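S.K.: Input: one structure, supplied below.
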């Protein structure tokens, strides 16, 4: 190395290790990258938080909008009912009879449906079709993963491939479309219960045999005739290429069952207003009440029809008889459940609830409504159960209620019945434009109109002919024509049709049922008054009041009789009074005793059930054996002895009091106040004109069975004849 090189001390440092500033550069670069990454993460986190906040805000806005639409939809129906009520008042004031309130409610529903369909904007871009070829069936609940978030969807029904692009996009129309279960669980129970609770038992039981024949046999005949005719129509539609999906024979029978449910509410309202013949009213009302129950059980039995083998829609004898057994089981089970749950009279009998009318009315309401839900929960039919619950409540529980609760319960269910029925008919008009799955088939609709006409004719005329063979008071041709004309369809047929609209066949049935209801309510209902005049059916028939009946002269009449049969001479000692009034020519004739099973039931009800369940009837200490004395004293209420004021049920029950009736069992005579004496087995009615009530009404109210009057064997009712002087 040269000497000059040693004189440069910095040259060795430059060529050896790097300078310290260069060493800091990677550190500064790493630190900068970390700061940049942190800043980027912070900004992305803030963006995510902002996005989440925006999603929550959008969700809250959707919930608020949904709540607003719910309020608007309910307000729409309330305004419909309000407008209907005001128009009804105007019609009644002007005595307009060509249009009933139910038809009016349907018209208003149609108008609102048109406004909602064509006057409210649709919301687009919120529906999307997704394909899932890995599954071979639909699920009731579906969880969908959208960007890591799971959303729950529920099944609403099947949509045909041709209508995928026409799915309803209007949220408002979706809001006014109710779940069908709302009709069954909320709206139908008060309608059916009111029919049973307000039943006029006098005329109903006087025509009970005919009513049962029309309701059971007639509905079955109508169902099978309509079903077979519609099956022919379906075959014709297949030949003509007018049927785009499956439509089986069981579907036709199901349609026959639901469309056989009559609802002559318009006709009955006009009958009641014009005071038409009471027997005709009883036949139509009784048939419609029981007919609804039969139709719903019959439809359930048809749905349960499952033949063995691959072809599940072919006829199979074993499956047929199994369906018949299901029909009998469901109907009898529902009847039993309704009657048993309706016998809650002991709750009102052995408690002091009558001191608190509000609690008494509330308990009565809840126990009555729970009958429907209990029957449905147990696999029976709530319609049948709540119907017979209403009849049982009216026969037993009503007598135990306080005066205020009686008025409250009748008015409560009357108001609920009115509102529910008009709500359903308003919804019918609305559904013509808001329902999303209508299937209009002209051939099917025309065939259905022809089928229900022929089914009604085969229902009324042949049965009336056979019934007249055993009836003393024949069902005249004018009555038969009026019953044929009065086969309106209404709330029950609509509720059964809308309950299942998942398949193509059921959607076609629903649309056709809706049009049939419109036609029968508007056209047939509007023609009721002219038809009454054309058929020369009596109107303005006023039932004799109790005071008028008390003026009649009384004479002996046989107990436990069938008013429809001719009387052979008989020396039986069962007798009650028959009035010598305007119908004395008919009433004075002796009549043959009814079947022994009815006599046993009447006697059992009067002597045991009424005293056990109500404050009515003879004390159990006089009807039960001596060894049951303790039980009899426990079940007999003090009101049986010391009740000074008669508790009356309108047109059904009568609770005996002192001065009205003295009951004799064996050698012991027991008056209503509990006093007794020993004499022969007789029963005497006492009191002056001030305290005397119609003897026919007494027994009729006590038994709740109308003109079929019964007394237990070995007991006579002795009534003093009034002096003609």
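From the backbone N, Cα and C atoms, a Cβ is placed for every residue, glycine too.
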S.K.: Based on what Swiss-Prot says, identify which of 145, 400 is the N-linked glycosylation site one.
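M.R.: Among 145, 400, the one Swiss-Prot marks as N-linked glycosylation site is 145.
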S.K.: Checking Swiss-Prot: are residue 197 and residue 414 on the same side of the membrane?
M.R.: yes
S.K.: Among 43-63, 148-168, 211-231, 547-567, find the range that Swiss-Prot records as transmembrane segment.
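M.R.: Within the set 43-63, 148-168, 211-231, 547-567, Swiss-Prot attaches transmembrane segment to 211-231.
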S.K.: Checking distant contacts: for the transmembrane segment (443-463), what same-chain residues at least six beyond its ends satisfy Cβ-Cβ under 8 A?
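M.R.: Non-local partners: 213-214, 217-219, 221-223, 225-226, 229-230, 232-234, 236-237, 240, 242, 255-256, 259-260, 480, 483-484, 487, 489, 508, 511-512, 515-516, 519.
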S.K.: Taking pairs 6 or more apart in sequence, does the count of Cβ pairs under 8 Å between the transmembrane segment (176-196) and the transmembrane segment (415-435) hit 3 or more?
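M.R.: Yes, the transmembrane segment (176-196) contacts the transmembrane segment (415-435).
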S.K.: Around the C-beta of residue 145 (N-linked glycosylation site), how many further C-beta atoms are within 10 angstroms, looking at every protein chain?
M.R.: 8
S.K.: Report yes or no: does the transmembrane segment (323-343) come within contact of the transmembrane segment (371-391), defined as 3 or more CB pairs under 8 Å with a sequence separation of 6 or more?
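M.R.: These two stretches do touch.
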S.K.: If you count Cβ pairs under 8 Å, which stretch among 211-231, 252-272, 350-370 touches the transmembrane segment (96-116) the most?
M.R.: 252-272
S.K.: Taking residues 6+ outside the transmembrane segment (415-435), which of them lie with a CB under 8 Å of any CB in it?
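M.R.: For the transmembrane segment (415-435), the nonlocal Cβ contacts are 77, 80-81, 84, 101-103, 105-114, 116-117, 173, 176-178, 183, 186-188, 190-191, 194-195, 265, 490-491, 494-495, 498, 501, 510-511, 514, 517-518, 521.
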S.K.: What residues in the same chain, six or more past the boundaries of the topological domain 'Lumenal' (498-513), come closer than 8 Å to it by Cβ-Cβ distance?
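M.R.: Distant contacts of the topological domain 'Lumenal' (498-513): 157-158, 160, 180-181, 183-184, 244-248, 251, 254-255, 258-259, 431, 435, 437-441, 444-445, 448, 489.
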